[in-house]
Amino acid sequence: MNNKDKQMIYYKAKEFVLEAGERIRQKMHCPFVIETKSNPNDLVTEIDQDTERFFAERIRSEFPTHRLLGEEGLGDHVKDLQGTLWIVDPIDGTMNFVHQKRNFAISVAVYQDGVGEIGLIYDVMTDCLYHAKRGEGAYKNGDLLRPLSKEKSLAEAIVGVNGIWATENTRVHKEGIQQLIRKVRGTRSYGSAALEFAYVAEGIMDAYVTMRLSPWDIAAGMVLVQEVGGMTTQANGKAVNMLMTNSIVATNKAIHQEIMEQYITLKKY
Ligand code: 2AM
Ligand code: CA
Ligand code: CA
Ligand code: CA
């Protein structure tokens with residue numbers, strides 16, 4: 001992808017995201033259908049699906065050679081990362097969308113041959129857009145985000161973690177997560193993976209730890225975190241695989257190793 005193409009795709013991606021956000025704000029005050037997916041707490045609404053359809057139509061019409069990987073399955077059946085791939089979560093934080101009418105985001109990333117080139121995370125209700133192009137820094141609206149502190153200790157860190165991982169579960173030994181929760185200054189759980197990544201990039205959270213996320217939850221956030229000098233890996237330190245679910249440790253780098261080595265022991269299954 002040359003710079004001119006990247007600039008144009010970025011411009012269009014931003015346009016799509018802002019328009020999609022406006023559509024959500026308009027529709028959300030009328031009654032809408034809510035269904036469940038994998039379990040009774042895993043919600044999806046017709047607005048999630050409408051929004052993904054909006055992206056699919058826009059991307060197909062403006063960029064017919066690009067492919068789309070979206071949570072609601074209205075994109076392509078993606079089995080490799082070749083070419084230009086849009087990775088879209090139309091509403092990240094659907095539970096918040098349904099129950100709180102806030103704290104949800106649209107997450108859009110553009111990857112070229114597996115490399116994250118563009119990341120956009122739009123907090124729809126606050127009209128706040130986090131955006132980044134690889135190698136050109138990350139922004140919150142018009143403000144350049146500063147490089148993350150590399151000196152912070154775990155004892156001074158605010159860490160994003162869902163309390164579920166501190167209970168009995170199939171993925172991680174809960175004792176380590178419980179110790180991590182005791183060790184850090186504070187924990188937060190916002191219910192939108194994309195926003196939690198954005199907060200790490202903004203430096204208002206020092207790490208985000210979770211045991212299972214899909215590519216559309218993390219694709220844009222990883223570009224943002226990378227641009228401010230942070231890092232994202234699986235919880236065992238391996239590189240994230242954008243074609244499957246991953247455990248995630250995203251941090252300001254200072255505390256990455258310590259979190260992985262001392263507090264996270266994955267279960268084998
Ligand atoms: P979603 O709202 O797009 O589904 C909430 O803890 C975070 O985890 C959200 O980013 C949510 O994304 C994501 N998530 C991924 N898989 C989930 C699942 N099966 N049920 C609920 N949230 C899930
Ligand atoms: Ca979902
Ligand atoms: Ca999501
Ligand atoms: Ca979603």
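Using the three backbone atoms N, Cα and C, a Cβ is placed for every residue, glycine included.
Going by TrEMBL, these are the annotated features:
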- Glu71, Asp89, Ile91, Asp92, Asp217: Mg(2+) binding site (BINDING)
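Sequence-distant contacts (6 or more apart, same chain, Cβ under 8 Å) of Asp89 (Mg(2+) binding site) comprise Gly70, Glu71, Ala105, Ile106, Ser107, Val108, Ala194, Trp216, Asp217. Around the Cβ of Ile91 (Mg(2+) binding site), 30 further Cβ atoms fall within 10 Å across all displayed protein chains. Counting other CB atoms no more than 10 Å from each candidate's CB, the binding-site residues Asp92, Asp217 peak at Asp92. Every protein chain shown contributes to the tally, and the Cβ of Glu71 (Mg(2+) binding site) ends up with 23 other Cβ atoms within 10 Å.
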